[in-house]
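Novice: My questions all concern the structure below.
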Amino acid sequence: MAGSFHRVACGDCENEQVVFGKASSVVSCAVCGTTLATPTGGEAEFHGEIVETVEAR
C-alpha cells in the first residue's frame, strides 16, 4: 500500500501529530480532540496545517 505520513499541526492547540495520508477513519487531536483529518475514499482531507511530510512512499 503506497501512502505518505504527514506531520499535521492542530489549529486549536498547536499540537503536532503524525497522520497517514490515506486515513480510513477520522483522526482527532490527541490533546484537544479537534478533527485533524477525515477520510475521502482516497487521500484524506486535512483540517490542520501540514508541517512536513515525514515519510513519502
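Yeah, the Cβs are placed from backbone N, Cα and C, and that goes for glycine too.
Pulled these from Swiss-Prot:
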BINDING   C10, C13, C29, C32  Zn(2+) binding site
ZN_FING   10-32  zinc finger
Novice: Give the nonlocal contacts of the zinc finger (10-32) in its own chain as ranges (CB under 8 Å, at least six residues past its ends).
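Specialist: That would be 1, 3-4, 38-39, 42-44, 46-49, 51, 54.
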Novice: Could you give me the DSSP helix, strand and coil counts for the zinc finger (10-32)?
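Specialist: Across the zinc finger (10-32), DSSP assigns the residues as follows: 0 helix, 7 strand, 16 coil.
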Novice: Please compute the mean pLDDT of the model over the zinc finger (10-32).
Specialist: 96
Novice: Using a 10 Å radius around each Cβ and all protein chains in view, which of these binding-site residues has the most neighbours: C29, C32?
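Specialist: The residue with the densest Cβ neighbourhood is C29.
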Novice: Would you please pick out, from the binding-site residues C10, C13, the one with the fewest other Cβ atoms within 10 Å of its Cβ?
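Specialist: Per-residue Cβ counts within 10 Å for the binding-site residues C10, C13 bottom out at C13.
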Novice: List the residues in the vicinity of the Zn(2+) site, defined as same-chain residues other than C10, C13, C29, C32 with C-beta within 8 angstroms of the site's C-beta centre.
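Specialist: Other same-chain residues near the Zn(2+) site: G11, D12, E14, N15, A30, V31, G33, T34, L36.
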